Amino acid sequence: MFRLGDFNYHNKVVFLRVDLNSPMKDGKIISDARFRAVLPTIKYLLENGARVVVGTHQGKPYSEDYATTEEHARILSNLLNQHVEYVEDIFGRYAREKIQELKPGEIAMLENLRFSAEEVKNKPIEECEKTFFVKKLSKVIDYVVNDAFAAAHRSQPSLVGFARIKPMIMGFLMEREIEALMKAYYSKESPRVYVLGGAKVDDSLKVAENVLRRGFADVILTGGLVANVFTLAKGFDLGRKNIEFMKKKGLLELVKHAEKILDEFYPYVRTPVDFAIDYKGDREEIYLLSEKRELLNDYQIMDIGSRTIEKYRDIIMKAKVVVANGPMGVFEREEFALGTVEVFKAIAESEAFSVLGGGHSIASIQKYGIEGITHISTGGGAMLTFFAGEELPVLRALQISYEKFKEVKA
């Protein structure tokens, strides 16, 4: 795959695809983490005389965080201490004229790419390259730099459509992400521990099955709704209230998949021995083998319990590699953040090479000031897709582009 240092960018127009899709509250962006993550790539291109055109999406149609990129341009301007022109167009004549007006070392940001219907659905590269987005923009750009690792599991025109039309190059963030994930995935050092929590149960089951089947993991620690599904699969009763909640979320149909994994790999999958519930507004811990488990009929599980935390902590502290995705419980409420905080603290304190991903995981370590994890991944879904052993369309596009253009490398 092409790296940034492979080309000369002076006076060249570079379409830089990033993922600045950020959490919003009351119509305002509340985290600039993704902006900061791509600054090294942007600065490198500007310092090397590129004319930079930034493309990102924000939210999904009809969602509350679906917005223009005007604020994104302003935030980026402040971080770069340089004007970033907001272009209220994507690939129309106005956008193309603005791109052509850029001088070396100048930067503009296109409108939210998902304002174009072509950018909303996943399609094969062959279809993506036939879109108006690719056809029109390819007339005014020289190179494509892809630094959107968080969207690497998607196959949309701005992400993969230029692969056979223009040289497509990894940005610094993309390169760093791939290196860290591959190091963790293919590591021969044991114990290799996967901590799977949160609400992306289907994806987490695929990860667990893949890494266990390939012999890439020695133990799986579960939390959040992932733990609930595996606990049910082990034959424990989680009570009416929790089963109703899981049914509503469509999680009961995943229990069979969890049972299949346990049939083959039971000793390697650890589930909580106790849980914390919201008992009349307070944290109450329930040991699964005690009579108090009757409370699970009327109260919802909100976190893993203290006994589980200790067991998980002991395993993590001995690990050589830890991959974590998703919180252990409802960390947004302080009384139920204990499991998430203590498990993530153990990862940070361990001597393991550690990778952590997922929006909620990152939010929790930022909220509680946890430092020391080796690599914080910007991509939750992309990271899970990678560890599930599935192809990332953006990586395939980068490889295709390299094969097509390797002879023209400057």
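Every residue, even glycine, has its Cβ placed from backbone N, Cα and C.
H57 (substrate binding site): 25 other CB atoms within 10 A of its CB, across all protein chains. Residues annotated as substrate binding site in Swiss-Prot, with similarity to another entry given as evidence: D19, L20, N21, R34, H57, Q58, G59, K60, R114, R154.
Annotation source Swiss-Prot lists ATP binding site at E332, G358, G359, H360, S361, citing similarity to another entry. DSSP assigns E332 (ATP binding site) to coil in the three-state reduction, placing it in neither a helix nor a strand.
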Between G359 (ATP binding site) and N21 (substrate binding site): CA-CA distance (Å):
11
For ATP, what surrounds E332, G358, G359, H360, S361 with a Cβ no more than 8 Å from their Cβ centroid?
G198, G326, P327, F331, I362, A363, S364, G380
In sequence order, which residues at least six apart in the same chain have a CB under 8 Å from the CB of G359 (ATP binding site)?
P23, G380
Measure from the Cβ of D19 (substrate binding site) and count the other Cβ atoms within 10 Å, all protein chains considered.
25
Among E332, G358, G359, H360, S361, the annotated ATP contacts, find the widest CA pair distance and round it to a whole Å.
15
